[in-house]
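Annotated features in Swiss-Prot:
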REGION    1-245  region 'Disordered'
COMPBIAS  10-25  compositional bias 'Basic and acidic residues'
COMPBIAS  42-54  compositional bias 'Polar residues'
COMPBIAS  70-110  compositional bias 'Basic and acidic residues'
COMPBIAS  117-164  compositional bias 'Basic and acidic residues'
COMPBIAS  171-205  compositional bias 'Basic and acidic residues'
COMPBIAS  231-245  compositional bias 'Basic and acidic residues'
REGION    322-371  region 'Disordered'
COMPBIAS  328-362  compositional bias 'Low complexity'
MOTIF     413-441  motif 'Q motif'
DOMAIN    444-643  domain 'Helicase ATP-binding'
BINDING   A457, E458, T459, G460, S461, G462, K463, T464  ATP binding site
MOTIF     570-573  motif 'DEAD box'
DOMAIN    654-815  domain 'Helicase C-terminal'
REGION    813-834  region 'Disordered'
COMPBIAS  823-834  compositional bias 'Basic and acidic residues'
Amino acid sequence: MDPPKLTFISKRDTKKKDEVNKEQPTKNLKILDLFSNDEEFSNPTQEEPTNTLQEKLMNVDPLEFFSKGGLKEEQKKERDDHRDDYRDSRDRDRDYRDNGGRDRDRDYRDGGGGGGGRDRDRNRDRDRDRDRDYRDGGGGRDRYRDNDRYRDTDRYRDNDRRDGSGSGSSRRRDERRENSGRRDYRDNDRRDDRRDNGRYGRDNDNSGGGGSGKNSSDKKEEINPVSNNNDIHKDRIKRDTTQFSHKVFEQINNKRDREDPELRDIKVDYMGIKRDENRKKIKGEKGKFVFEWDSSEDTSSDYNTLYTKKLEIQPQFGHGNFGGYEKNNNNNGNHYNGNIYNNNNNNNNNNNNNNNINNNNNGSMIGGKQISELPDTHWSKKPLKSMTKRDWHIFKEDFNISTKGGIAPNPIRTWQESNLPREILEAIRQLGYEKPSPIQMQSIPISLTGRDILGIAETGSGKTCAFVIPMLIYISKQPRLTKDTEADGPYALVMAPTRELVQQIEKETRNFAQHFGFRVVSLVGGQSIEDQAYQVSKGCEIIIATPGRLNDCLEKRYLVLNQCNYIVLDEADMMIDLGFEPQVTSVLDAMPSSFLKSEDDEMAEKQESDRSHIYRTTILFSATMPPLVEKLSKKYLRRPCTITIGEAGKVVDRIRQTVIFVKSENDKKEHLTQLIKDGPPPPIIIFVNKKKHCDIIAPVLEECRVSYTILHSGRSQEQREAALEGFKKRKYEVLIATGVASRGIHVDGVTHVINFDIPKNIEDYTHRIGRTGRAGSAGLASSFITDKDVEIMYDLKQILTSTNNIVPIELLKHPSSQQKHGSSKDHNKSVIFK
């Protein structure tokens, strides 16, 4: 067995270590002063009364201090107590051993055994080993300690055997077992002290107590023996230090509750103590919605006076002839009691007058409420300058206006607040437009900024006026046309899908343009192209045309668009459906591309604000947004602002829809006769899918003695114009038409629309019934449907359900109404290819 390696410590290191130990008590007092109680902080007799807790904490780190074992004075005192306990225990063991030796000698003499002889042999061997170790140079002290340990083990083993043969052995053995766990580390530490010969105490006290002559301070070098139990000793010191640190922190935490909140926060932040962030949140606190406005802008107060001003009642205990009240009682405690009686009395006397409400008076109604019933904080009772962002948001919600595509200017509330030119306001007054429609409210201010617009609005929403007014304002800012500039073409161009719609837009535009002195020319089929070319050659500011005739004029060089930078596409979805996409594309390509804005949104925004240069403005209006229209808008519109009024393709709620399931054409005639006789009074529009069906309906109307006219593509342009004009002037009570009259034809006062032949798609159905219920009036739409009309059944059922109209039982249970036509696949059928 190799002897353990020796570690030598020089005298200089020992001296340096002693100096550190002398400074240690001062540091201990300093750090303990940091955690003194509040009375010490407030004591005016201290040496440093001006020092605050923050200044002391800045100089000393408590965690670093405790990790380095700075509190050795307390540990030393605890060691002294352990050493005193060890001395007392050693004396008790010696007395016990002496008494036990005498007992063993007595037992041996009495013939009890040879225990005493073994003790004498063991003591003799121990003395011999000790003499040999000292003679060899003191290096055998480790073996001496090992022998002592083995000797103690043998002694306890002998005691166990001896106790097993004597009285009370089980009691003493149980006590040793109970005390064994408590004696483990303490006995080992005491043996460490004995092995080190008081080394631990001398290092801290600078005194050599309990050592041999070789450990005196006169020697230049001294020996530091290595022990296998040093790890246990270090672990215990570390554990004691950690426990002491926790006690100090517990004292700090207890004192934190009594301290000033500011000082507590300073301590917590400096010492890195984590706050209790896992606070139990109140139910509903996490997802609680917080409004962006304060309570002063709240417009959600009840409109009913019974809730805004509570009725305070003093009970009369059954007295009174009107619900417990006396009508002549003037008791001030009962508010409104006289008014309740008087109001009910007046209501009973004037029942007929109160029931006749004028629903067409839209000027006094907002969101289904009378303006007088609205609170004072409502936007309708605020001046324009007092409107907040929230007010504009509510304004758009009231009129079902939504925009996207960047920041859009605020809509106009009234014509008086619009700041439009005097000529426009005069034309509006003459035409009798009391207030703008939702599409006009939002479209006009956006168009005046020069932005492109993609407008989606229901039929009969006033889209014509929405693009005519900004178009005229744009032209008014351009130089007047001369004989030299007239050859370069018009300033503005409007395209519509049908002749009737073109003529209607022309009439509407002339009503406004005459106040500016602008000239308007229409180009439609069915008329002489030479006569139209002659009108264009004389010069005009605005051209309104169908795509086909306009493209013919461009190809024959009757017209050029060199200075046309304002273009409107009305009813774009219908133009695409009628197959005018090539003509529309050809016309747009004929316009100068140098005036087209950049495709980059940032650059296009800068170009819109540049008033020194003219850029093209494109406005596209449509009732629906099919893929082809969306493709067209992406190609020719730059940074457009999308305006949606209501929902795309949605039927207005003012139209009541009825669907009649019929079995044959004869059933249609019978139901048509009944609708003409028992239905709303004229004017009435009857739609058919084929021109020959007009001849089928004519005899039925003659039997009902109703005047009628026919409008379809097979008639000449003069006949079509005469038919439409006669129907508008009430010369004819019924108009029989094909799909040409379903888009954009506005006839005032149409009360009833009858679909003798229901269309194949829901879009055409929407536009047909949109001829009634215009300008805020109510309307009725009746449709005949057969088993062959499977293409529209699913969509028709959906639109009837969404508008709270009655769905006939035949349509509700029909297989084609359960899923969209063309989307089902019969998986039960198998196809075998040969």
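Sequential numbering from 1, following the chain as shown.
Backbone N, Cα and C atoms are what each Cβ position is placed from, and that goes for glycine too.
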Residue counts (helix, strand, coil, in that order) that DSSP gives for the motif 'Q motif' (413-441): 14 helix, 0 strand, 15 coil
A457 (ATP binding site) - helix vs strand vs coil (DSSP): coil
Residues near G462 (ATP binding site) in space but at least six apart in sequence (CB under 8 A): P436, S437, I439, Q440
Whole-number mean of pLDDT values that fall within the motif 'Q motif' (413-441): 91
The motif 'DEAD box' (570-573) - residue tally per DSSP class, helix then strand then coil: 2 helix, 0 strand, 2 coil
Spatial neighbours, same chain, of K463 (ATP binding site) - Cβ under 8 Å, 6+ residues apart: I439, S443, G455, A457, D570, F621
Under 8 Å by Cβ from S461 (ATP binding site), same chain, sequence gap 6 or more: S437, P438, I439, I645
Secondary structure at G462 (ATP binding site), reduced by DSSP to three states: coil
